[in-house]
Amino acid sequence: MIPIAVVVCVMGGWCTVYLADTLLRSSSSVKNRYESWLSSNGFTLSPFHIKWHTGIFNRLFARCAHLNPHFLYIWFSAGMVFGVLAMFGSVVLLSKTLLQTLSQMMAETPEGFHEQVLQVVVPGVNLPVSQLAYFFIAILVSGVIHEFGHGVAALREQVRLNGFGVFMFVVYPGAFVDLFTTHLNLISPVQQLRIFCAGVWHNFMLCVVALSFLFLLPIFLFPLYYTGAGALVTEVVEGSPSSGPRGLFLGDLVTQLEDCTVRGVQDWHNCVQQLSHNPQTGYCVHTAKLQLSWSAGRAFKRLDGTMECCGNNSLTDFCFSYSNNVESKLFACLPVRKTIEASRPCRTNTDCQTDFIPSLCLIPSLENQTRLIRVKHPPQTDMLFVGYSSHLQYSVSLTSFVPRLGFLHPDLPVMLETFCKYLVSLSGALAVVNAVPCFALDGQWMLTAFLDATLSSVIPERNNRELIGFFFLLGGSALLAANVALGLWMVTAR
């Protein structure tokens with residue numbers, strides 16, 4: 001469910017704005033000045049909606065529309081082709097998403113829901129409050145770039161631009177351009193298609209630019225940050241198994257998880273996944289050290305079938321299993337840090353036969369799915385993590401970028417990475433949704449212009465083409481509405 005605090009803040013904020021607007025309009029002394037100020041500055045207020053319209057950017061749009069006419073013709077023609085393909089592709093993608101959502105609704109557990117390409121995002125529910133700024137700024141930037149494409153394409157096709165504006169609807173920001181409708185109706189369907197497709201085309205190109213910047217970020221930040229040395233800890237969840245005197249701290253550089261080398265954040269995640277799916281790692285221990293440290297005790301089975309031999313529930317001793325040439329399965333209760341300190345990871349006794357001193361492979365006898373993971377973060381002492389691998393993965397925030405200078409903040413690359421990821425996902429989603437042949441979206445006008453451009457010779461009657469377009473729009477609107485409704489139910493009800 002949506003958190004009550006989020007609903008209260010949103011409703012309270014809009015109620016305050018609406019109440020202030022009502023009081024100012026009802027006051028005889030300030031009503032005229034207030035309404036005159038709103039009109040002169042292009043502001044429009046209504047419940048849960050505020051809009052700002054201006055013409056101060058018209059000259060900027062005009063300059064961009066006349067920079068290089070030949071290049072712009074190729075640019076927007078390519079956008080037209082992309083827009084038409086996106087219009088049909090969006091229907092396929094929404095159909096696939098709807099089928100995935102329906103299958104998840106039928107399942108007892110919603111596994112795989114987060115793997116869907118398109119998801120409904122609700123701030124405070126499946127969007128962390130700490131990342132709201134990234135989300136809203138990325139939406140606004142995507143919307144401005146989208147409308148910038150429409151405006152420049154319209155001016156290039158000799159359609160007058162009345163103005164540009166931004167708005168806020170409930171909590172979602174957006175942008176729009178105001179085109180002169182008479183001019184728009186006089187140009188050819190192909191010209192109209194270039195204008196209508198320019199928005200989704202610019203959103204797609206914004207995705208490409210953001211994705212390129214994300215991949216080239218190590219090069220851009222090379223003078224200030226270096227990569228490939230490990231994963232730098234930027235945050236540790238307080239009270240988690242990764243915290244504590246022998247845990248991880250801000251600024252630690254993780255270089256290895258057991259025998260898995262960590263050169264960056266992706267390696268960290270890959271190593272955790274590998275260790276969680278593979279059997280528990282063992283450690284090579286010299287036979288003399290084993291006999292000297294062995295603590296006698298009868299092994300017994302836990303409820304899950306695993307073996308335990310440390311009856312005193314010590315926090316420093318662990319039960320290890322091993323085999324020798326005489327007996328196949330033996331157990332020993334040993335001090336865990338002393339036992340595995342400076343030891344080599346192993347899977348069987350054969351892995352330990354490289355030293356002249358006889359060694360055995362000791363494997364911690366832990367409960368099912370629980371792992372003992374040795375985390376190397378020199379020069380500090382190795383952290384010994386005991387628990388579920390997912391708890392280690394999500395209790396620590398890391399970055400692949402290590403500052404070259406002490407005053408550089410480690411969060412700067414993380415902020416740039418996060419913002420680029422939001423730009424890619426939200427700008428891409430805006431391109432897909434706007435391309436859907438749906439009422440009140442770009443897809444409606446794209447479909448109408450496409451049918452006029454392709455079916456004029458086959459179906460000369462405009463009313464017949466509009467009827468065909470109406471049924472397509474009806475289907476696209478129903479498809480989009482079903483995705484949004486079921487997506488909201490999956491996010492909030494579950």
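Yeah, the Cβs are placed from backbone N, Cα and C, and that goes for glycine too.
In TrEMBL, the feature transmembrane segment is placed on 161-180, out of the ranges 161-180, 401-420. Sequence-distant residue pairs (6 or more apart) of the transmembrane segment (467-491) and the transmembrane segment (73-95) include at least 3 whose Cβ atoms are under 8 Å, placing the two stretches in contact. Confidence across the domain 'Peptidase M50' (134-474), taken as the mean pLDDT and rounded to a whole number, stands at 89.
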